[in-house]
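Beneath this line is the structure, given in structure tokens, with notes to follow.
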């Protein structure tokens, strides 16, 4: 079976490329299945067990996990008892064997198992029998409590097990025998035996003995390996095993497993369990690193022996049972093991872990298991978090653990190598020293490898073997081998080293034949193979104390590798090394390194004078001249107490910015908080990155200066400065194991690399201790998470202190660097040396934000210490950019000169401790203007553009004692910078600042600090200091925002929290955004005429295009300035910030307030200069005036509007010269005269005595506010009923569209009722009318005295409208004209019009264009909303337009394109287009003009009633009329209902038939629809569909019996109606009138009604019954309704037992009743199945053979059914669909089908699709598979069901009544409420609710802005699709604005919202009083 499925999968993939099918089939194979496991316990004494029993199933598709057979019964597994278990686990296909076992717990663990029976519940016919008839016991029979049983489908079969004779040979050497228990597991092709204890009666495993054992197990096929080991028990557990030989008796094969290794914890590698491959002496093991974490709960630890099994993919391969020896398994600890097995099973599917329950405290709480396989690089975490204790929880002592995949980590792959080292056979060649090895390859190098063994290694003439792991470093180039002992007896003579890659068998040999001895050869203890040499000169500095006695080491790093750290032990030219001024030479032996790139030099920091000042290091190859040496300058201390405290440095060749080429790695090491966690040992780290790895570096100097490192719970921080290794992949950390307390518990390591912007977290939580865990003192850790931190770059800052008296400082110095891209944080310039002394130069390397090109820096000190004053000479800043060093110089070099010219001292100069410096090239930039004044003025505008002016308002609270006399200060913080402390001294608003309830205003200027993020405000607590601050408001006009910083707290030592400084943050909800302001330089020229000057407040407004304008701005701030400026003949300049009016300035308005002694002003001209948007330069616009602004001169106007005459542009060209161009403005705007007529209303008290002000707005600008002072018609203005006329001049406003009018509420009678305002443009003769009809009054209406009015415009249009539907790839329909019906022309204001248009299919709609053909300004159209429904796609798009389509409105467009991405998409029911032909009979008067309605019923639902349009010429005698109807997708059609309403002059109609073109169906009637003609006298008819001459629905007679309940007043006098629903639709409304009883519906009465000639509905689903509530006693208690179909001879019952009464129960008079027939199928009944087979449409897909099919159900399996293929009736032709029917016993839900074709010839066919239909369900099987034609009857293919479709009737019969809460919300507009009766119909996937009235007693419903709630009980509607809301137009005001409807299913809590927002009003919108609403999701 497995082979067949595998080949079939291959064939599908290779031949058909049906990849999706492959995935689906595999998912079926790996799916979950339910198995029934039956265990039969034997009938022998003591047969029962109390232990936990487990079963594992082995099948064709894989192996299940071990499953616990848990029973709630305490009597499970008792003697002679049969126990049944249902287990849900992986579907492993047909079963081959099972493994059954128990955990040996409980009082009586032994168990005699008779047999096991397993049934696959998906295919109950597959039942497998597993005979056992044996004990599972440690005390009985063969002492096994795990058994593998073979299965058979025949219960009488007893499959035989295979026998394996195992011979174990113990070596003949001292101490080789063992007393421990030995275990063996044999692995073969077909699985494994499981762990077996090798035990017999004799004393086994003695020295030199051979022991034989017999193992019975299922046939394993060819053997691959064994796992053998012991449990380390007994007095002499160590065992030396020679070999194992296994004789496979069944397969006649003998296998030899050579071992020749110790199994002892104190010998060899310490392992007591090994994997051994057949015949292999080479170590092929793959090491798995296993971490077991014991939980941190009470009693979690255990003394039991822990074992583990690792399972591979699908569980097919496993490691066998592995004993985890040597672990502590104590509470909260992690135990680490290296498990070596000869199988690659990573990634693991699961892990089994357990214990032997063999100790006093056996119970164990396992937290998790983490397994890392170096070979695949995968680390998997298996959480447990449960007890393994027979007395806790479920009592299990073994558990299956599954991986938490989200925690999986991918680490570096490492490959196993076999390392053989030969020690020479010369006298004294051996060594006891610790030997290390490092290997270099083409792709990198290995780590330093410590060669350790439990046996004596490296003895004279000895070969030592090791297994090492290395990453893939490519072809090996060299190796370095060394030891670390320098005493006389540590010397070692190495012969050679051999490396073998065990996977590829690559072999490398490195010959040595030299001593590693300080007293032999060249006195070196390091060898590189093969070797060359380098000569190194180390130059010690010539400064005081520069020499060192410490041990110095050096590492030379080149393109081809490095030398490793070499101790500079023997100088070639000096006995006393590294003394002051020394040049010491050393020779380093190494392979060639290529180009030398850097050196790493350092010392160990030991000895009294260990500090060392290194000048440089020079490196050259041996034999090269000194001139060829590469120089590596340093000139720095390597001293813990000098410079940066580092004692190791990496040096790069001589050049600029030496410190910039290395990267700082900030390493934070956290020691754990467990007992004894601290260490005295020296810790080292090694980092591995994408670009390389560092050396092993001892962490000697802590950056956070803690005295004792690595103390319990402490975090030590170190800085490692080295070359850039790129992204860190992993970390090696360890210690040297020195000191009294060397053991160390490492909690975690955090490495921050600011230059990369990365932070790495390395969790450890483990011991690094020889005596703890796995004994390792170094460990590789991978990052658990990599976080992005702020990325920094390195700067080299050189600070030169001036050489003047007392220039130095002892204060702390800080700096801040500013650039194009931001600024750095405040950076401390400090080191461990004494800095900033007179005449000194200090160099600092700092890490800070990359600020781009540097334009300034701030440097300051904190004034601490004695002699804090500091004279700064220069600052240099270097940084690395694209490997190039950029330098910025900031000179300060002389007193009072250049950018600084200042002391940074409290008692010198101005007392400031901070200076801002700019680079020299920018500081001296001048534009070269000859005129000094102009130059300063120009600079003023430019400086204003670079700075930000903040208007700060502070509101003191209105509370007692809220004010303060203290000095208030503030700091503003932006995203780029802060302002520093600002003392708020000069308030613009009050002399006495910060008084109760006052708002004080201040102006603050700052150089670009970015958007504000917070402010700090406080005071110095002097005087009456307590202050209650309400809020601070900051208006940053150049940023275009006003921010509010709420406070509402005291700044008082004695109030609130006592704080006198607070940080405030902006409230985003109160932030106001507006157009950012830009600086303008405004020059006013006062004329040189008598009295020309003014003291008035002069203001200005600037205008751009499209009415863009600034606010009105006063040019003077106060009276003092007003007196200074605007004098006769004066030229005054102001730099102001105003809104940006765009590139073109069309006009300005300038005026004054006519106040002061001499307010009249004669203005000559105004010049406005602004900076150009691009490039350097400016533009000056000249506005001539030459007239008075005075009440007593000219026309008396004090406001003038000026237009430009000339524009002067100044640009700085590339050669530095100033280019000036002057252009005359030709198209300046004209000045227009506007006559304004103001009509006061004719109502009581309408007139006003107040001052009235008017502003007129046009699309080109506005007039500004003008006072209507002098009426041309009335001396007493604005009296009741009067019209006042005024004239004003203004620059052309264009199209006037609004006015603002107000009064100042002065005088006694200020209230004013304004009727209307008319504005007449004298120049264009246009009239603009503004209808007002409102009060401007503080006492009336809304108490407003200022109003905006818009020009009266008509939003309707008489133009012809159109839409264009645009699809993908620019496909679009032609223009679809929207012509109004009934000859109406024009879209009226407030109207809602609906159209139906047909166009070409454009696919998915992307855009919709709406427009009209109007070209004149009058043809304007304001469109509010456009909706486009596409029924054939099932979607409706709603576009919110709210825009003009007009030549003279908005943007002047008459057509607009809307994107569907901006629309709200609503799902509507999808329609299919049917072509219907209606044939009117050819009889006299057959034609009609009545309204005809049609409903269609199909297998998948029914449609609503649809009107068939008459269109004047349709439905005439003998005529065929064709319609394209959009009908819901309900095919296949079953019947049609037609209805006429009897209206019109010819209400009678003779219908012949209706036919459908596709699909072809005919509906025949051939009779009258009339009240007066024909035999039936009916206006409604139903016609069955005829398809291929087959009538889809038969006529039947329904007998309806109605039973009224036996309760008081149960009967009714009302009229009752009913609708019956079934598979084929519904009956329509049936009136229950004609009855066998004269008095119907009486108490306890059954009334029978007969309805003949009704089309059968098939199986019935529900009935809807209701009455009209008429008569004396309309309330009715209905018990049930029976409906009998006479043709089917079947009765359907619909129970009710509820009131249909308005005054009883829930008040409903309509009920829906579900069918209650007991429709459960009896197993003995037969079920009819219909099978549709679709053959593939491809070459060679068909077949001539018969096919057989078997159905597999949940309740059984069918017999074989033949699908016959004869020559007469050919089946299975290419692309054909064939149907077959057959009956079978009821099978339940169909799970799968088995398919086979029989033939003697081997060729194949293909089937694509099977559809299987039963009564209630359709089952679809997507096969898409080649079916092999096979001669064997049992060679079948199985397919799973891919889709199940339940029939409508089946779903309907299972419906339950549900209460629906309906919320109706009425809109908020005048007249929105209704008095009419409102009805609702709800439509869902299960049908509709029927027409329901929404009513409540004693409540006025549906009023304006009201929410009304109703509860209706209906049968479950399923998913709601739409609702229909309508009213009956009754009542005084029936019009209704419906906002929305919300319907909630109270059973599941799902609420569906249906938005409306439209009128249901015959007088508004489209006149409709019914709306269909779709849900909003």
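Cβ atoms here come from the backbone N, Cα and C positions, even for glycine.
Because the structure is a prediction, the values reported are computed rather than measured.
Over in TrEMBL, the protein carries these features:
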- 33-150: domain 'PLAT' (DOMAIN)
- 286-402: domain 'PLAT' (DOMAIN)
- 415-530: domain 'PLAT' (DOMAIN)
- 532-652: domain 'PLAT' (DOMAIN)
- 663-782: domain 'PLAT' (DOMAIN)
- 793-918: domain 'PLAT' (DOMAIN)
- 948-1065: domain 'PLAT' (DOMAIN)
- 1232-1350: domain 'PLAT' (DOMAIN)
- 1341-1459: domain 'PLAT' (DOMAIN)
- 1596-1714: domain 'PLAT' (DOMAIN)
- 1727-1841: domain 'PLAT' (DOMAIN)
- 1858-1974: domain 'PLAT' (DOMAIN)
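Note: the domain 'PLAT' (1232-1350) comprises 0 helix, 63 strand, 56 coil (DSSP; helix = H, G, I, strand = E, B). Residues in the domain 'PLAT' (286-402) partition by DSSP class (helix H, G, I; strand E, B; coil) as 3 helix, 58 strand, 56 coil. Counting Cβ pairs closer than 8 Å and at least 6 residues apart in sequence, the domain 'PLAT' (286-402) and the domain 'PLAT' (532-652) reach fewer than three and form no contact.
The domain 'PLAT' (532-652) scores a mean pLDDT of 84 in the predicted structure.
In the domain 'PLAT' (663-782), helix, strand and coil residues by DSSP number 0 helix, 62 strand, 58 coil. Here the domain 'PLAT' (1858-1974) is broken down by DSSP into helix, strand and coil counts: 0 helix, 63 strand, 54 coil.
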